[in-house]
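Q: Here it is, the structure in full.
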Amino acid sequence: MTRTTVDELVFFVNGKKVVEKNADPETTLLVYLRRKLGLCGTKLGCGEGGCGACTVMISKYDRLQNKIVHFSVNACLTPICSLHHVAVTTVEGIGNTKKLHPVQERIAKSHGSQCGFCTPGIVMSMYTLLRNKPEPTVEEIENAFQGNLCRCTGYRPILQGFRTFAKDGGCCGGSGNNPNCCMSQTKDQTIAPSSSLFNPEDFKPLDPTQEPIFPPELLRLKDTPRKTLRFEGERVTWIQVSTMEELLDLKAQHPDAKLVVGNTEIGIEMKFKNMLFPLIICPAWILELTSVAHGPEGISFGAACPLSLVESVLADAIATLPEQRTEVFRGVMEQLRWFAGKQVKSVASIGGNIITASPISDLNPVLMASRAKLTLASRGTKRTVWMDHTFFPGYRRTLLSPEEILVSIVIPYSRKGEFFSAFKQASRREDDIAKVTSGMRVLFKPGTTEVQELSLCFGGMADRTVSALKTTPKQLSKSWNEELLQDVCAGLAEELHLAPDAPGGMVEFRRTLTLSFFFKFYLTVLQKLGRADLEGMCGKLDPTFASATLLFQKDPPANVQLFQEVPKGQSEEDMVGRPMPHLAADMQASGEAVYCDDIPRYENELSLRLVTSTRAHAKIMSIDTSEAKKVPGFVCFLTSEDVPGSNITGIFNDETVFAKDEVTCVGHIIGAVVADTPEHAHRAARGVKITYEDLPAIITIQDAIKNNSFYGPEVKIEKGDLKKGFSEADNVVSGELYIGGQEHFYLETHCTIAVPKGEAGEMELFVSTQNTMKTQSFIAKMLGVPDNRIVVRVKRMGGGFGGKETRSTLISTAVALAAYKTGRPVRCMLDRDEDMLITGGRHPFLAKYKVGFMKTGTIVALEVAHFSNGGNSEDLSRSIMERAVFHMDNAYKIPNIRGTGRICKTNLPSNTAFRGFGGPQGMLIAEYWMSEVAVTCGLPAEEVRRKNMYKEGDLTHFNQKLEGFTLPRCWDECIASSQYQARKMEVEKFNRENCWKKRGLCIIPTKFGISFTLSFLNQGGALVHVYTDGSVLLTHGGTEMGQGLHTKMVQVASRALKIPTSKIHITETSTNTVPNTSPTAASASADLNGQAIYEACQTILKRLEPFKKKNPSGSWESWVMDAYTSAVSLSATGFYKTPNLGYSFETNSGNPFHYFSYGVACSEVEIDCLTGDHKNLRTDIVMDVGSSLNPAIDIGQVEGAFVQGLGLFTMEELHYSPEGSLHTRGPSTYKIPAFGSIPIEFRVSLLRDCPNKRAIYASKAVGEPPLFLASSIFFAIKDAIRAARAQHGDSNAKQLFQLDSPATPEKIRNACVDQFTTLCATGTPENCKSWSVRI
């Protein structure tokens, strides 16, 4: 039968019909929205469906359910060819700044948007939930964001704002009209409450009847027979069929064709593995592949059923069927719970997950263990197979023949006497790739505890999903008892072997997990047998073991934010000290805020793609561009030979714009391809072939130490008599601590647009950078023109965190060269994997310490040698090391001290500035040895910390006097507000009663110096224009990256000029308004630029004074007009430099810092000793921010910094190969904290009555200081591990053990030594290369 074929794509976007006659299967919805439709609210954050910045809502008529359905998707993975006859809603389609949707309004007014780059995606996730359920529960709201990431806020304000939609306890914002208000949950009565950061009563109510309707044209097509779709692109053909007959015919004709439903796997392979599939078949319309049927054996799911449907059907079955029939269903549901975000589960199919045959699949081990049955078909044949150990014959292979397809899968009902569990351990619970997954099933002989069937299946333990076929048969007919447990564990340890260089690494951890999972399964079954009155046959469960079977659940959140209200009588127009929302919050929430890549494309614009080294250290022997030139749209390939000025660049002139003869790291920029589109530039860049001659490479800190490979002389501070101090000490402890690096993971990657002006060498650049001055000067030097020909503009950034302070110039110089060479505008926005590969991150540190102390815990001597991995250029590494050594004392007075620092020169991408700038590393080392002092002395750690704490007027080890030392106040307040002593007793009680779960509690202080340590950078400038209508245009030297700097500066100007903030506007930061600016860094930008603005405003006010005296009853506008008509200038510059700064390392004298910021955090955690997973139960923070300029922004900075620190110290881990290649290049492999990672109880209090006389309006810096407080989580984890080690008889349990940072599940599990870790201890054979190395 011949069917009609359609080659015209029809869909709707925000209610408008789109007809695309030339649909390209390689074009994603994200590209189409941004480039073709100009809808730039939807952002590119990662390109792999891992961050949610591109989230949009899809609506379609579901013919099986006979209703309109709404679901969220990742536009970056959604092919436009899959959108025929559906409706797409983007953030622009639900509201705008003239009329915000309630979702947009609430995230803006609750201060849930900082840099704003992630905001549209989060808005659309929430909007989609409300379209499906206008009155969701708190849990449903939190689950809606499993596929979204935010790097700025710390998530609390987003959740708090959106919980106002919940029917079961939304926040009232402290208004007192909700019994579930999180502020009323605090037990602390020692601090007076403050008014709320926002008032939910101001929010518009949600009215579901006012939402846009589903396009009637599409509704009319619901019963129309579907026609085959065929779209042919430049390289790929897409065919969407609606009958099984068509599909099987096509598969017979084209056995290599790929079947795509959600594109969550194929899309990744095409983008990141450069795989090309010339024919793609979409079977999403076929009835047999999308149907669900309840049969006698179980529930049958069509292979194209999305996982969200599987989840929904299984949930209904669990709710309605007897418990004994749903054991398998609950196991599958547990895996789906953590599988991925809604955006992926809405489109990814169950069949796709099976056929992908991933060795680390979440579902395949569970389905294999469950006795799932699969139906396969090809033209003319159909067969049914069990999904057993034979189904996956090898890596990414199944037993399907090339022309076969998977039709359906039956997930079976469980039988009487059958028990089932599913397990998964990853770096992060939410939306993470598993390290190990498992499905476990046992069937007992009727009325006994004798094993009739046992199935133990694992992912992550081989190149395929495996079943423990050697171990399980030996257990048949055995009783479920301790003897069986020991036999199975011994068998698994022997059977499930991993080579030391196994992909993914973590060999001992993964092997231990298999035993831990079975032990959990054993205990779970034991509990259920007890409930079935069979306990006597198998033994009684130890009550302290019971919690080992409990999964970490999401508990109701309890968040508190306390701050000092403004004085009574302060003018309503004076916004200083008030929780004013971010100036751009409404624009960010509506998608109207313009970021660099959102700037409309120029008519003749070109695209650039970098070509980088694949070797860590090598000579460049040849560059072949012949294949690149064959790509359509190719324009040119740029190398060092094309640079008209200097190819030498970098802070210390030790870098190149393009590598010339030699590369010194993987990711070293060799050249750049320029083409007509980003896609063509990408393809052409892949076509550039480079041959190398390898040279010896230095990758790790240890390699550098061994080879004496360092940058410059050592940094050194010494005070007192170290030899005498150690000789007088009662105890001396020595050790090492390694602190891993960290990726910035700003949601907006590096982006530059260069526009040549066509005369006198002028060029205008739009750059996502924190450092306009260096961007300007580096480009001018490269082009061989004066700085005054280059104008650099920054509207806003989608996050920075130090990563755009210097490394942005790597991209901007290349783009500027391309614009110079072609005479046309050129744009480049790095893909996430490129950005992570090229731009470096936080410096890894290795510290070797020796501390001397008395029995009382008093520190008398300290020596620390710090080593950092600087990478292939010096960049800012020296200043970072200096700050680390400045902060090696943290908050403690140490009479005899020596700190040294060496920067290792290695063949890695240069590491650079990152929030904290070396301070967190120096302070973590301090708290590490401090905790060891407490353990050695047998004293409470909080007592030892308090005993050694500085006092007012003390001199630091670098001889700066501490004035206004509020840290003891912060400490005492945190001890009280956290109920530390009572909770410490509760933790000890919990640990006595639970063997396999342990809790830890720790309180940590911080003292952070404020100023650039390079003293001349401590300057700020401003330009203030007052127009004749009284409006003010404000410009200053700082850039906005989400920290609220522009908002605070408007507040400063408003108070200074005594006018409303509504009259003041900031357009951008640019080099042609405020020249020679310092980078927006060091937490000093509000201090420097705020004072400069104040000075400029005072100049304006002085000029207006005569007119105010002449007309005292006049208005601001009248005084301004009078000044104008009197020919008085209404424009003024302001300048400020921080006084009395300057430090000499030679004499250990002077003041490196203007003042210090202080804070204290108390955190409680619970660890799962069997898996290494942990849950952050509660954090209390007391932070001294002086007299806050804006409590909402400051609390947001405290929370955001803390959560970023939580990632640094417990989660984020960079993996490099021994050859220096980065494995972790995106959100699928590199995990930052997610919504579910933050403390369940998160309480932040700004210290009251502590004005800071050294900064604008008595405020203090806040961006960096709170980050280190997240180490309280790290040390709470370490305390919990210590309790676990004591439980399991480690003779050294109450002494010292190693825990490097970050405290990942692998490190936690391996540190909780027990019988399972002993069974799996292997060690690495000599001369064996591991999968990754500790850099």
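Think of each number as a place in line: the chain as shown, counted from 1.
Including glycine, each Cβ sits where the backbone N, Cα and C put it.
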Q: Starting from the substrate binding annotation in Swiss-Prot that includes Arg883, Phe917, Thr1013, which of Glu805, Glu834, Glu963, Glu1068 is the extra site residue?
A: Glu805
Q: Which one, Cys40, Cys76, is listed by Swiss-Prot in the same [2Fe-2S] cluster 1 site as Cys46, Cys51, Cys54?
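A: For [2Fe-2S] cluster 1, Swiss-Prot names Cys46, Cys51, Cys54; of Cys40, Cys76, the listed one is Cys76.
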Q: Take every residue in the domain '2Fe-2S ferredoxin-type' (7-94), average their pLDDT values, and give the whole-number result.
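A: Computed over the domain '2Fe-2S ferredoxin-type' (7-94), the mean pLDDT is 96 on the 0 to 100 scale.
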Q: Which one is it: of the recorded positions Cys46, Arg915, Thr1013, Glu1264, whose Cα lies the shortest distance from the Cα of Cys118 ([2Fe-2S] cluster 2 binding site)?
A: Cys46
Q: Note the Cβ centroid of Cys115, Cys118, Cys150, Cys152, the recorded [2Fe-2S] cluster 2 site, then list each other residue of that chain whose Cβ lies within 8 Å of it, in sequence.
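A: Surrounding the site, in chain order, are Ser113, Gln114, Gly116, Phe117, Thr119, Arg151, Thr153, Leu747, Gly798, Gly799, Gly1042.
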Q: Using C-alpha atoms only, work out the spacing between Cys51 ([2Fe-2S] cluster 1 binding site) and Thr1013 (substrate binding site) and round it to an integer in Å.
A: 35
Q: Mind giving me a neighbour count for Arg883 (substrate binding site)? Other Cβ atoms within 10 Å of its Cβ, every protein chain shown.
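A: Other Cβ atoms found within 10 Å: 28.
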Q: Of all the Cα pairs drawn from Glu805, Arg883, Phe917, Thr1013, the residues the record ties to substrate, which distance is largest, in Å?
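A: Comparing all Cα pairs, the maximum is 17 Å.
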Q: Cα of Ala1082 (Mo-molybdopterin binding site) to Cα of Glu1264 (active site, proton acceptor): how many Å, rounded?
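A: The separation of the Cα atoms works out to 7 Å.
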Q: Give me the CA-CA distance between Leu259 (FAD binding site) and Cys54 ([2Fe-2S] cluster 1 binding site), in Å, as a whole number.
A: 24
Q: Taking the centroid of the Cβ atoms of Glu805, Arg883, Phe917, Thr1013 as the substrate site, which other residues of that chain lie with their Cβ within 8 Å of it, listed in sequence order?
A: Leu876, Ser879, Ile880, Glu882, Ala913, Gly918, Gly919, Phe1012, Ala1081, Ala1082
Q: Rounded to an integer, what is the Cα-Cα distance in Å between Gly262 (FAD binding site) and Phe917 (substrate binding site)?
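A: Counting only the Cα atoms, the answer is 42 Å.
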Q: Listing them in sequence order, which of the binding-site residues Cys115, Gly352, Gln770 have their Cα within 10 Å of that of Glu805 (substrate binding site)?
A: Gln770
